[in-house]
Structure formats: C-alpha cells, structure tokens
Amino acid sequence: MNSKVALLVVGLAVVLALVIGRQGPVAPQATNTQSQAVAAGPVAAPVAFPQPLYPQAANVAMPVEPDPAAGGGTAPATESPLPNFVPRKLKVFEGHWQGMDGRLMTEELARKLNYPRGLQGVLLGEVTLNAAFSGLLAGDLIVRIDDTPVTDMESFKAASRTVANRSDARISVLRKDNRPGAPVVRKLTVVLREAEGGLGFAQLEGAPMILAGDPRPHGYRGACTDCHPIGQGFELTPDPDLISLPPPTITRDMVARSVNPHEVRGPCEACHVIK
C-alpha cells in the first residue's frame, strides 16, 4: 500500500515538472509587461507640436474674444492680437475733384497702357459729373490747371486750390490716339465749370488697407507699408456692390401670365419662390 502511494506521488511530480518545463517560469506581471515592450521595440514619447497662436480664421488686426467655455470656464492665456499698423507717412494713391478720379502717371502705367515714356501728370481713370460734362475722358492726362503745371498728385491738389473759389477753370490734358502703332498724344484744353459754390479743390487718398500677409497683386513698388496700412477695419466688408439680394417672391398668376420684369433668364422657379 505504501509503495503504491509513493509511486503516485512520484508520478504527479513528474507531470508537474513536464508542465512547468513547457510553459516556462511564471514571471511577475511587471516583468512580463516590460519584456513585451522590449519585444515590440522602443516606444517614442509623444511629441508636443506648438499650436498656432491665432486660429486661421481670426484676423490678427482685430481683438479675439476668449472662449469662456474652453478649459472649464477659464480662458487660455495668449498674447494680445496685433493692432492695426498705420504708418505716419503714406504715399498718395489717388485724387478726386469735380468728378475726376485720377492717379499719378508712372512708368509702369505708361508701359501697361501704351503711353509715350517720360510723361508726367495725373491720369484720369474715370470721369463723372462736371468732369464728364466738360468733355474730359478716361485716359486723359492732366498736365496743367490754368497756368499751374501738374506733375504729381501734390501739385494737382495745389493747382486746384488756386481755382477753388472760381466757377470755371481751364484744364489742359494730353489725350492718346487709340490708332494702332506708336502711341501719339495730342494736347487740348477743356473748361471745367461749377455753377454754384465754386470748384473747390482736389482731395487726395492713400492706397487701401490690406491684411497682414496678403499676396501682392501688382509688381514690386517698394515696401507694402510705404502705401498701405496693415490690418482690418478701414474698409467696409463685405463690399455691398458684390452682394446679390435674392429675387422677390412672385405669384402663380404672374407666372401663368408670363409677367416678366426682366428679360427671359429661364424658368421662374429657378430663381423665385412662387406662391
């Protein structure tokens, strides 16, 4: 009997030894986790990339209100946004007087518009009101107001001051002939008249404000801040002239009778709500 028990104990010991040999020694949990990490290769620590100081849609020239909901009701500490940058001295870009919209004639404009090189004066980009009634045209180059030469925007304003209280003045211009070939200009004089209150004098303006980082839409003319303030708020945005209001609601009777207040542009329901 004792020999049978002894044989049974020895058999159990052999079985346990075989099982342990196949599975290997049981390691602590921490050691097993560490060995798995080593086997899987080194794990890089997370890299904290710097976040942009201002969102892409935010304008650095305008104050950015912190979001009180962020961070459990406390706003994150950030630097103050950039204020508008307005140089004390800016180049004059254009002038307006009695319906004239003019700008300085430059070598760049002469090349673009095919004028003879070396001309000086104020080039009219648009004429309305008294300027149009006097016979001036877009493209005319003002070179003299009465007896005062005009060579740049400042002299344009100064010359207009000399006739500010008068009701008429002689405007001498160079007008380009649009025939093909080498550019040819002819000099002519028109009389600018204002029936009431005098002619007044020209008002000068600078170039419009631009956003920081705006791409340059023209050739290089020096530093942007020679002509432009940088920021936002000096121009009405969006431009109302670029906004299209939705067409009004029309009745089914108008559609049935083909009452069109405009030329045919397609089916009425393409643009209008019909009731």
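In case you wondered, yes, glycine gets a Cβ from its N, Cα and C as well.
Computed from a predicted structure; not experimentally measured.
Within the set 105-125, 189-209, 210-230, the record from Swiss-Prot flags 210-230 under the feature motif 'MCR (magnetochrome) 1'. Listed in chain order, the residues near the heme 1 site other than CYS224, CYS227, HIS228 are LEU90, ALA207, ILE210, ALA223, THR225, ASP226, PRO229, ILE230, each with its Cβ within 8 Å of the site Cβ centroid. For the motif 'MCR (magnetochrome) 1' (210-230), DSSP puts the residue distribution at 3 helix, 2 strand, 16 coil. Note: the motif 'MCR 2' (250-274) comprises 8 helix, 2 strand, 15 coil (DSSP; helix = H, G, I, strand = E, B). A Cβ within 8 Å of the Cβ centre of CYS268, CYS271, HIS272, the residues given for heme 2, is found for these other residues of the same chain: PRO247, ILE250, PRO267, GLU269, ALA270, VAL273, ILE274. There are 18 other CB atoms within 10 A of the CB of CYS268 (heme 2 binding site), with all protein chains counted. Per-residue confidence over the motif 'MCR 2' (250-274) averages out at a pLDDT of 84.
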